[in-house]
Amino acid sequence: MALSRIYSSKLASANKNLLPVITTYVRNASDSTDLKAVLSEKIPKEQERVKNFRKQFGATKVGEVTVDMMYGGMRGIKGLVCETSVLDPDEGIRFRGLSIPECQKVLPKAPGGAEPLPEGLFWLLITGDVPTKAQVDALSREWANRAALPSHVVTMLNNMPTTLHPMSQLSCAVTALNHESKYAKAYSEGVHKSKYWEYVYEDSMDLIAKLPVVAATIYRNTYRDGKGIGAIDPKKDWSANFTKMLGYEDEQFTELMRLYLTIHSDHEGGNVSAHTVHLVGSALSDPYLSFAAGMNGLAGPLHGLANQEVLVWLQKLRKELGDNASEDKVKDFIWKTLKSGQVVPGYGHAVLRKTDPRYTCQREFALKHLPNDPLFQLVSNIYKVVPPILTELGKVKNPWPNVDAHSGVLLQYYGLKEMNYYTVLFGVSRALGVLASLVWDRALGLPIERPKSMSTDGLMKAVGAAK
């Protein structure tokens, strides 16, 4: 049974002694390797649960809205239902109640690997259950079988100018895949709304399977003179096929990609990309159009470009101070940055009030695999220096690093240095969360999104302010 945000929030904020209960709950999984069949069993139960919940508590208030919230990007307004993840200010993201360290512990791994397979994370997000290794292997095979691109999309990708931004190429290709939408076809033929989720599921599975092929083709065309990506290997997992198609054979890099694609997959429903997919999907647009819209949001500098900005800033710092810079020199550079009116990129978060656990797990990966890398050592020095400085300033609610403070450094180390491409990796990962949510949107019959807007004059009148 899926956890609603309301119940997930209560669990996530409860006493830590309850965590074994959460783990026991989500591990109560079906043995079936047929994901659609597992969902078919869960969905009617969740529909009934939500129906009864709304019947009993539908008129209950869950929050208030202030004028500042309306002018401030709706930050803090409780206005969405998201089943897949909850962001706790102190503990970070929880995927269906599980923290990142818990996911690293319980989700299946590749043979000889230490990082969770993204297939397992997707199974968890869409079902609420921790999958078995057999279920994850079956999902890997299914995505491999669904991965082939239609010829018109291949032709489109191969004829795009290499100067076109990789995110623009991704958006175009995903939109063109709409030609194959099973949901759009079923809708045009009058399928009953109770069946919408089944076709959204089929499209979502197809899209997730094809995204690494699209993304790898974009990379090879743009940065590797159009060298072919090769064929999908049905014996390899989703991440391993992706890294192979990108042209990388290093098993450590494949492990990094498994970690990267897992931890970037979902972050509640209110961020730009997730909310956009939900919003466009609420108009009953198919998953291809909805996801393409979300990717256009992810391409925005305030959402998907943060790790690039961190790298640019780090390279500037390294150029000015050199390698092995002392903590005092780093401190001076930080103060110089802040006094010039700039921020320290990669630090702070809209919701989090502690170090982002997505940063922590990447730091642990670096300590294990690249402890002597100069750029990583610089990041480590900054981690020691920045939080006390930001705390001293007293103007920052969260002086701790977020996920973007680290991810670019790891990609650079393994040779993926093309920063304009990083958002495409983010997009491939984010598909896991937003498309799992989209399936549940249709399963629960959520309506078209249509909040009420007000003018400034209307707001002033409503609160009794003089115009």
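Glycine residues also receive a Cβ, built from the backbone N, Cα and C atoms like all the rest.
Quick look at what Swiss-Prot annotates:
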ACT_SITE  H303  active site
ACT_SITE  H349  active site
ACT_SITE  D404  active site
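Taking Cβ-Cβ distances under 8 Å and a sequence separation of 6 or more, the neighbours of H349 (active site) in its chain are D356, N398, W400, N402. Summary: among the active-site residues (H303, D404), the fewest other C-beta atoms within 10 A of the C-beta are counted at H303. When the alpha carbons of H303 (active site) and D404 (active site) are compared, the span between them is 11 angstrom.
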